[in-house]
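Trainee: First, the structure itself, so that you have it in front of you.
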Amino acid sequence: MTTIQQQRSSLLKGWPQFCEWVTSTNNRIYVGWFGVLMIPCLLTAAACFIVAFIAAPPVDIDGIREPVAGSFLYGNNIISGAVVPSSNAIGLHFYPIWEAATVDEWLYNGGPYQLVIFHFLIGISAYMGRQWELSYRLGMRPWICVAYSAPVSAAFAVFLVYPFGQGSFSDGMPLGISGTFNFMFVFQAEHNILMHPFHMAGVAGMFGGSLFSAMHGSLVTSSLIRETTETESQNYGYKFGQEEETYNIVAAHGYFGRLIFQYASFNNSRSLHFFLAVFPVVCVWLTSMGICTMAFNLNGFNFNQSVVDANGKIVPTWGDVLNRANLGMEVMHERNAHNFPLDLAAAESTTVALSAPAIG
């Protein structure tokens with residue numbers, strides 16, 4: 001018994017030092033307990049992504065024995081290349097490498113895609129937890145990780161929730177530039193996302209957030225308190241950790257209040273920066289919620305054939321033009337996987353005139 005206890009104590013001898021190192025805020029880069037999970041997951045995802053982007057063989061994404069190539073070695077470039085989603089034949093099944101009969105089968109069915117996205121999602125979730133952990137150690141408020149939850153929610157929406165709703169990981173977003181655009185086009189064709197209010201909020205958040213960031217940065221830069229001569233860089237007028245303000249918020253407030261109107265300008269630096277954080281974050285949250293609802297086919301608004309004249313005849317509108325564009329994109333994607341999309345097979349088509357008749 002004494003021998004066993006001595007062996008256990010020798011094995012755990014370095015444990016307190018390891019715990020101290022992991023949770024120390026004096027390290028150049030904070031590790032943290034979430035970092036212990038984050039680091040191997042993100043490294044695994046990055047390594048598999050790079051190898052698959054360079055050398056993965058074609059993947060039977062639609063499950064119809066028509067493999068789609070996405071790697072450099074099979075003719076793609078940085079724009080057209082992607083890690084192709086796992087096969088529709090796999091569906092929502094968890095498909096680790098040991099579930100396949102051979103490595104060739106695993107590659108053919110798109111196994112690397114699942115490996116990358118699962119490790120990536122765990123890694124970014126752990127990164128968010130690590131942000132909270134470091135804030136806690138330093139006695140800071142926890143809002144950094146709350147803000148980061150917006151892009152995390154977006155990643156979970158397109159890589160996990162949407163495939164769950166559609167019934168197959170083959171419907172997830174490909175890991176590449178043109179693959180992302182293809183995902184966007186197909187999403188518009190099948191769900192009319194551009195007409196979804198939550199997506200509109202996300203667009204407002206991205207463009208509005210960029211506008212507010214540019215406005216804030218330019219106002220601050222334009223109202224710096226002079227500390228240098230004309231021949232020196234104005235950046236030398238600031239010393240890291242100085243107590244006094246480096247710009248005149250009263251001047252910035254006065255300028256913007258006169259440029260627009262008084263109450264359009266913040267007179268409180270804290271409320272200003274809270275707004276700069278909360279506006280894009282809430283809008284991206286809404287977009288993620290929109291993706292999650294459309295995953296289960298609660299789609300954007302459509303105004304197809306919504307205007308009729310006194311005789312009941314349909315008056316074509318831009319809503320019908322948009323619907324025609326959606327149908328065009330829908331018939332072009334996965335063109336060999338089905339003969340007719342459900343939208344086209346369900347009812348009689350309605351002619352929409354897009355050109356004026358000849359006169360004379």
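Along the chain as shown, the residues are counted starting at 1.
Backbone N, Cα and C atoms are what each Cβ position is placed from, and that goes for glycine too.
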Trainee: Of the residue ranges 87-102, 103-118, 119-134, which one carries the transmembrane segment annotation in Swiss-Prot?
Mentor: 119-134
Trainee: Under a three-state reduction of DSSP output, how is Tyr162 (site 'Tyrosine radical intermediate') classified: helix, strand, or coil?
Mentor: helix
Trainee: Relative to the Cβ position of Phe266 (quinone binding site), how many further Cβ atoms are located within 10 Å?
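Mentor: Its Cβ shell of radius 10 Å holds 19 other Cβ atoms.
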Trainee: If I restrict to non-local contacts, at least six residues apart, and a C-beta distance under 8 angstroms, what lies near His333 ([CaMn4O5] cluster binding site) in its own chain?
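Mentor: Expected: Asn182, Phe185, Val186, Ala189.
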Trainee: In sequence order, which residues at least six apart in the same chain have a CB under 8 Å from the CB of His216 (quinone binding site)?
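Mentor: Correct list: Leu272, Leu276.
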Trainee: Return the residues near Ser265 (quinone binding site), defined as same-chain residues 6+ apart in sequence whose C-beta is under 8 angstroms from its C-beta, sorted by sequence, else 'none'.
Mentor: Ala252, His253, Phe256, Gly257
Trainee: Are there 3 or more C-beta pairs under 8 Å linking the transmembrane segment (275-289) with the transmembrane segment (198-219), counting only pairs at least 6 apart in sequence?
Mentor: yes
